[in-house]
Amino acid sequence: MPSKMLDKLVEKLIKSEEKRQREGLELIPSENYVSEDVLTANGSVFTNKYSEGYPGRRYYGGQENTDAIERLAIERACKLFNCKFANVQPHSGAPANLAVYAALLEPGDTVLGMDLSHGGHLTHGHPMTLPAKIYNFVRYKMKDPETGEIDYEDLRRVAIEKKPKIILAGFSAYSRTLDYKKFVEIAREVGAITMADMAHIAGLIAAGALRNPFDDGFDIITSTTHKTLRGPRGGLILTRENEEIAKKIDKTVFPGIQGGPHMHTIAGKAVAFGEALTPKFKKYAVQVLKNAKAMEEVLRKNNIRMIGGGTDNHLILADVFGSLGVTGKEAQTVFDEVGITLNMNMIADDPRKPMDPSGIRFGTPAITTRGFKEKECKRVAELMISVLKNKDDKKLKESVHKEIKALAKKFPIPKKFV
Ligand SMILES: Cc1ncc(COP(=O)(O)O)c(C=O)c1O
């Protein structure tokens, strides 16, 4: 924290959170650490400014700096993802997805997305969400959870039958590679727009470590900016080349569903995109994947069932209940005790309930930012398994906690990324 605060209550909580992050290991695959530059931009005086509209077309005066920062963020986003249009104003991933639906669909129109229990996200049509109340979401699944391959034949069959306006590729708990070309082929056959929600893997795509859906002809990418992209909490909508679509999206973000953009967050996004354009970020992304593979290897050796059979990206979804008889909730709690943060997660066709599912989801973006390589990741995976196998052994848990703390101390959270 840069300077002393007058509000001692809030200062104390910030310090306590800093300590938690410093001393524990973050394995939640949607979390990461931002650089000091991103923090500075995100906490800057841009938070004081109203800038409804877009650069050059605002409804308030005093926009010389906001216009410049938003233009910079847009230019860097387009360069990173190799596309023509970017909207950097969505407050987060959920509003970004809502904006695309609202821009391109009429109420009742159909979206074909990944089944939520097979890795899709809540914003892809969970019954409790607003989009699900307005639009009709239909599903595709994995052919076999043991390999993770999507059932493309079924996807095509459903697309032909249901005639979706949008075919959506994207996930928050899926560890394999999608065949974007197949999505585009099927979408063209039925006249649908292709949308990829790359919230989890955007940083890995930006760095060229994973394939860019735009290279296979996708029309739209939505994303968060705070996961592998290592920026401030926020959303992003990219359009490959279709200006008509990009204009509809801009109008829907503002004034359709949002008011004034959060210019301090956009400043933070501009910094993060700049960092992601560097060779150092490319190395980071490659290491994220290597580290996940290293953890996969340890799990496989220990006969822990992984949904999809392993990982091609930054995350692993492990069936701890099926493998060890430990529920996802029990696992999450016991890992909290030893200084490892991850999350319980439903697995494909989970017989258990969401608040105590069969699985845990974890990943390598944050520990890789700390500088972990394969050796450390393997050790963490070994420690995780020993804790799961001996979850009531107090002594063992104490010794694991000690080792986790020592690892965290050896690999402090860096402040500068370039
Ligand atoms: C694939 C996907 N889309 C959208 C979101 C929603 O993002 P946010 O929580 O920033 O609204 C998430 C968040 O985890 C996600 O994983």
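Glycine too: its Cβ is placed from the backbone N, Cα and C atoms.
According to TrEMBL, the features are:
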BINDING   Leu116, Gly120, His121, Leu122, Glu243  (6S)-5,6,7,8-tetrahydrofolate binding site
DOMAIN    5-383  domain 'Serine hydroxymethyltransferase-like'
MOD_RES   Lys227  N6-(pyridoxal phosphate)lysine
SITE      His226  site 'Plays an important role in substrate specificity'
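Fewest other C-beta atoms within 10 angstroms, among the recorded positions His121, His226, Lys227, are seen around His121. Listed binding-site residues: Leu116, Leu122. The one with the lowest count of other Cβ atoms within 10 Å of its Cβ is Leu122. Each residue contributes its Cα atom, and for His121 ((6S)-5,6,7,8-tetrahydrofolate binding site) and the residue listed as 'N6-(pyridoxal phosphate)lysine' these two points are 14 Å apart. Checking the recorded positions Leu116, His121, Lys227, Glu243 for a CB within less than 6 Å of any atom of ligand 1 leaves His121, listed in sequence order. Other C-beta atoms found within 10 angstroms of the C-beta of Gly120 ((6S)-5,6,7,8-tetrahydrofolate binding site) number 25, with every protein chain shown included.
Cβ environment of Glu243 ((6S)-5,6,7,8-tetrahydrofolate binding site): Lys84, Phe85 lie under 8 Å away, each six or more residues apart in the same chain. In the three-state DSSP assignment, the secondary structure recorded for Leu122 ((6S)-5,6,7,8-tetrahydrofolate binding site) is helix. Leu116 ((6S)-5,6,7,8-tetrahydrofolate binding site) sits 22 Å from His226 (site 'Plays an important role in substrate specificity'), taking the Cα positions as reference. The residue listed as 'N6-(pyridoxal phosphate)lysine' sits 17 Å from Leu122 ((6S)-5,6,7,8-tetrahydrofolate binding site), taking the Cα positions as reference.
Model confidence over the domain 'Serine hydroxymethyltransferase-like' (5-383) stands at 97, taken as the mean pLDDT rounded to a whole number. Separation of the C-alpha atoms of Gly120 ((6S)-5,6,7,8-tetrahydrofolate binding site) and His226 (site 'Plays an important role in substrate specificity'): 18 Å, rounded to the nearest whole number. In the three-state DSSP classification, Leu116 ((6S)-5,6,7,8-tetrahydrofolate binding site) falls within a helix.
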